[in-house]
Amino acid sequence: MSFKSLGLSDALLRAISKKGYTEPSTIQAKAIPLVLEGKDVLASAQTGTGKTAGFTLPILQLLSEHPPQRRRPIRTLILTPTRELAAQIYANVQEYSMFLDIRSTVIFGGVNARPQISTLRNGVDILVATPGRLLDLQSQGALSLAKVEILVLDEADRMLDMGFLRDIKRVLALVPKKRQNLLFSATFSKEIKTLAQTILNNPVSVKATPENTTAEKVIQKAYRVDKPRKSDLLIKLISEGDWSQVLVFTRTKHGANRLSKKLISNNISSAAIHGNKTQNARTKALDGFKKGTVRILVATDIAARGLDIPLLPHVVNYELPNIPEDYVHRIGRTGRAGASGEAISLVSAEEYDYVRGIEKLLGHKLESEEIEGFEADPNYTPPEPEKRGQRPSRKPKQQSKGNSGNSQRNKNSNSNTDSSAKKKKPNSRRRRY
Ligand code: AMP
């Protein structure tokens, strides 16, 4: 299948070939003709599937079929959950529209609004926005959504996770009733299905990958390890595996900072990216990571959402997410655009419940193993949920079969410089989750 056969114009085909794409991805092949026909589309697609071009290319074509109006009202609104994703989509829109008379811009919070307002004043055909700044500028009269013809909700599941439902409803009240709607989501919870029913009109569903499954080419590994030893194990994996570009997920902003500092103190270049960082710091960290000056990017789920870092070889779940869908999002950062990648989870006893949730969502087990020298203490009892936050208790278990040597081995293995330490074959011992 070629891009030409999808009915795209010469100007777009030239831009596509400049990008170096030779053939459409699955989601592009499915979505582009439907969008060109003016249909509402409900797409199941993760980042990494080429979904951005899947909606941007046909939108550009539709807009360029009608000459721009004199005052250039906003004709397409693309709503995204995060600043980084907004910036990425905007960059794509610019690249794909390089041979067209289409104006676009991006607005998001955390940066000065004045330049955004003055660009909007000059008129844009396509606006890429995060919900907060969009509503803020709309309420100041800096933009109008009254002429929107196409509305795109990208990463709709994440927008709901981030609490944007009310904002989305407010936006819906500002756009014309008659419009084309495209909704993209990696996962489909009940809430997303309800939102889709409210927004979409007789939609056609398309799927890049089956619902709630992880990218096929991602090799998923889980290592059981005690919580206090995770950072040492990570340092060992990075150093011995000679990993060059790793995205590491933590659950909290504080945890991201702490881990990044520890990596730096072990001479591993690292930067943390999360919601408490300024937009400039986030952009700098991401640029450094893309250029290779930052080897390890430690991120929280929200900050990492939608980051486009092609061919990322390793993703590490330093802590498992408590929302199973986030696991799917996270590992979607590796094995991108058809390349294979490795998603590694460091799992401590506190997180076994999260593993069960993830396995339920995936519909298969997450096999786990242990790394010699970093075995999880079989006598460790995670704190009761209501006691979380207190110091974990370590109660000896009555009947710990065949594990008598483990505690001793653990005591002796607190060095991550043990060059003899090798990966063990998946442990035949009964899995503990
Ligand atoms: P996305 O899922 O939109 O974030 O795209 C993921 C990555 O795939 C981006 O780096 C795109 O530039 C790239 N990409 C998109 N479409 C294609 C294509 N047809 N062929 C090769 N790469 C593509």
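Glycine is treated like the rest: Cβ placed from N, Cα and C.
Taken from TrEMBL, the feature compositional bias 'Polar residues' covers 399-419. Look at TrEMBL and you will find 422-433 tagged as compositional bias 'Basic residues'. Annotated domain 'DEAD-box RNA helicase Q' per TrEMBL: 1-29, in sequence order. Residues or ranges marked as domain 'Helicase ATP-binding' by TrEMBL: 32-206. Positions annotated as domain 'Helicase C-terminal' by TrEMBL: 229-379. According to TrEMBL, the feature region 'Disordered' maps to 372-433. Here TrEMBL flags 1-29 as motif 'Q motif'.
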Non-local residues, at least 6 beyond the ends, that sit with Cβ under 8 Å of the motif 'Q motif' (1-29): 36, 43, 45, 49-51, 53-54, 57-58, 60-61, 64, 95-100, 206-208, 337
Structural state census, the domain 'DEAD-box RNA helicase Q' (1-29) (DSSP three-state): 17 helix, 0 strand, 12 coil
Segment-level pLDDT (mean, integer) for the domain 'Helicase C-terminal' (229-379): 88
